[in-house]
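Feature annotations, reproduced from TrEMBL:
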{"type": "COMPBIAS", "residues": "573-594", "note": "compositional bias 'Polar residues'"}
{"type": "DOMAIN", "residues": "179-276", "note": "domain 'BEACH-type PH'"}
{"type": "DOMAIN", "residues": "280-565", "note": "domain 'BEACH'"}
{"type": "REGION", "residues": "559-598", "note": "region 'Disordered'"}
{"type": "REPEAT", "residues": "705-735", "note": "repeat 'WD'"}
{"type": "REPEAT", "residues": "754-795", "note": "repeat 'WD'"}
{"type": "REPEAT", "residues": "796-837", "note": "repeat 'WD'"}
{"type": "REPEAT", "residues": "877-913", "note": "repeat 'WD'"}
Amino acid sequence: MAFLKTQGRTKERFSLLLLDLEEYYFEQHTAYYATTSSNKEKKVRGSLKVCSRSIIFDPEDLTEPILKITLRDCKKIEFLDRENNPFHEPRPSAISILCVQVIYIKESNVIAPYRNERGAKKVSFQLEGWSKTEDVVQTLLQLHRASCLEKLGDQTAMIAANLQSRLARSFFDKNCFQSVAEKPHMECAVEMVMPLVSNPGHVCITDESLYFQPLNGYPEQVIQIQLHRVRRIYKRRHGLRPLGLEVFCTENDFCSDIYLKFYKTADRDEIYYYIATFLENHVTEHTAESYMLQWQRGHLSNYQYLLHLNNLADRSCNNLSQYPVFPWVISDYASERLDLTNAATFRDLSKPVGALNRERLDQLLARYRGMPEPRFMYGSHYSSPGYVLFYLVRVAPEHMLCLQNGRYDHADRMFNSIGDTWKNCLEGATDFKELIPEFYGTDCGFLENKLRLDLGRRQNGSLVGDVVLPPWASDTGDFLQKHRTALESQYVSEHLHEWIDLVFGFKQRGGEALAAHNVFHPLTYEGGIDCDSIEDPDQRIGMLTQILEFGQTPKQLFTTPHPQRITPRFHNITRSPSSNSPVGDLSPASQSEDSSFEDLTEESRKLAWANMGNLKPISSHKIHKEAVTGIAVSHDGSAIFSTSQDTTLKMFSKELKDFQRSMSFSNMALSSCLMLADGKTVVCSSWDNHVYFYSVPFGRRQDTLMGHDDAVSKMCWFDDRLYTASWDSTVKVWQCASDGSSSHKRSQFQLLAELEHDAGVNTIGLNPAGTLLVSGCKDGAVTIWDTSSHATLQQIHCHTGTIHHVAFSPDSRHVLSVGADSCMKVTDVQTGMVISTVKAVEEQRCFCWDGNLVLCGGQSGDLLLWDLLSNTVIQRIPAHSGAVTAMWMSELCSTVITGGDDRQIILWKLLSP
């Protein structure tokens, strides 16, 4: 199992799980314990563990039980001199303890419920290093006084003072460094956190490694993590306070390599940023939005995406109060065959477990309405330490015994059957638990009683053994395999975003949570209570214990509806105008007669983007006197048209490698140009508020549209409709009706719509089908419009400055925008959520993209090839000596033309790898 990974560090019989919750193991001494058997005295050698609330003796002889004596059960602890020592010769000094209870653990070396032997008992220990005996007795007396204090808060404070004193008197041993050349950066006191327990010590970070040295030398003298192996680091809440740091040396494993709790947030943050600075050159920092984009596009499985969300939401396998949570996805545990094509097989992922049974929900709602504030619908949580160990008791029995004071739960309340557990989650008055990642893993151990544990006998007389599987599973391996398949199924992929909304998203809190019947006790939510503000120590500790045992709601990652996954049935959407649908219409794309040709074209595009790093300049030409603002190309590729702030439209011949024509329409800059579908007309927009139509065959201006009250910044054309954007804060939609068949005839323009904005519109773009328009404004707002109704579908203020360029992805699912704030933002069209933010080192001015990769032109003049899934620059290609201001890409993505502030246009070709 995942969190048992850390137990592999030691094969000792002793474990920190033998301690009480919130107890510390301080020191150990080799000692002898005198026991009497058949009137014969026997001296047992072993290790005496001094803990903050107990004494534990771990015999070397595995047939002997481990002894535990809690300090609060001790009536007398004294130092015995040589004369009063009960041991035979030699007779050094000894420790004598009079207690009212001794706890026997692992008798006959078997993991089983503890045996408590009550009654007055005198126990004596003789230290092998007997000169330390008096010091150990003094330590025990001090800890005994703490355990006997009346108030829990006073006990905790006195023990904490003892711990801090020990930490202050000790330091990290630098002889443990792996290299004499290592340079230490900082050292401080911490605790290493593991499920249910923590171990105090010192952390030291160098320019090569992170070291942890336990105060007690357990489970080993030092734990080392080489910084070059680190792949992910996360800040964590621990005990509701920002003190945790978790380090991972793998990308997808949800069990970390070390989890540290600091005593000061500043110490935690310093080490976090030191590691982060060390990693930034070779490890990508992922956000919920970047993972979402990868998941949406099929680069992450449902399982991987849920693991990443759990990690980002403070869930850790080292913290059972915040263990990773996974959904029940199947509702059929009775059929002989599992039908994953039938929607009835699956659980309704739009509802929390507590709302799946309408009859039970009505009863809960009735109680909720009559409840005083603060009100909640569910009296227990969907994830808690008890629920985690309910599932894992067969592989983590010692954790269960630790949590439940040395006992297992009643046999009939154990995890006996998957079908019965699901039924109880549907019908039980207080059972609303979800699942854990192990149900979708590959390790079957938690379903089988391989350790042959005596977990009790049920009322029907049967022993608790392996978990009873559904009829459709032939064995545990088959169950996990089918369960994983169900998680990755078409149905779950289409609906998983609804469950994410409940657990990690906008339905977790507030009015949306209330409407979704997703309201838990206020104490389970992050920020629900500030424990530090509770002055009474007893109340504060009691409140914290209650919160940790009850379970905690994940950190909220999303505050707007989560986008749906792009599932295989929608992958037929192409760039063809007839095959794209408006927002909300997720029906499969229709197959055109030219589908085979389109498939071939799409494959060519994919191949081109896969090799975009091989883009090479073919020629460059300085044909303008000021910055290039727009590029258009004739259909046969023989002529290139460019506009510039120098007021001219220029026609460049690829064959002659020289410009052939130069046209000026006014004394103000031209801002963009495009080639109409007839291949004979170039349209130019100008800062003089006009749009000009230039006839290529006749070499003259064909028409003028006086359309705006300020500069026209950008244009789009689709099916005889012209869209013009202007700094007058509007986008206008024009219908073009030609007087005749010849392209040089004057055209009539009818204004169909005027799309109002709050600021000047700097750029616009159409989706391939012409059904959606996106506009980018000077105030940083991105607006998505329905071109048939001219209604606003989404408006997102996602940039802090002017937006330079916006464009839809080929499948119309996302919009990419770049702005003066040097950010690239990916927005989900359906939900309006910004699902990826990339902060570039320089301002990006223009781009082309395929939905995953972006070829963009930066302020420095270079072309940057970005991978949005990893938020990294794959390649930097030197291009212009000034900012790249315009970019054109051929339909097959094999030819690129760029224009810049340096007045040049550069022709690029994609060379074969």
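Glycine is no exception: its Cβ is also placed from the backbone N, Cα and C atoms.
TrEMBL: automatically predicted annotations, no manual curation.
Source: prediction; values computed, not measured.
Sequence-distant contacts of the repeat 'WD' (705-735), counting only residues of its own chain at least 6 positions beyond either end whose CB sits under 8 Å from a CB of the stretch, comprise 577, 668, 671-672, 674, 676-677, 683, 685-693, 749-766, 770, 773, 775, 777-778, 785, 787, 790. Across the repeat 'WD' (877-913), DSSP classifies residues as 0 helix, 20 strand, 17 coil. Confidence over the repeat 'WD' (754-795), given as mean pLDDT on the 0 to 100 scale, stands at 96.
Residues of the same chain lying 6 or more positions beyond the ends of the repeat 'WD' (877-913) and with a Cβ under 8 Å from any Cβ of it are 601, 604-605, 608-609, 611-612, 614-633, 637, 640, 642, 644, 646, 652, 654, 843, 845-848, 850, 855-865. Beyond the repeat 'WD' (796-837), the same-chain residues lying 6 or more positions past its ends with a Cβ under 8 Å from any Cβ of the stretch are 287, 289-290, 292-293, 296, 558, 560-564, 566, 570, 573-575, 580-581, 583-584, 605, 762-769, 771-772, 774-784, 843-851, 854, 856, 866, 868, 871. Look at the domain 'BEACH-type PH' (179-276): DSSP puts its residues at 15 helix, 51 strand, 32 coil.
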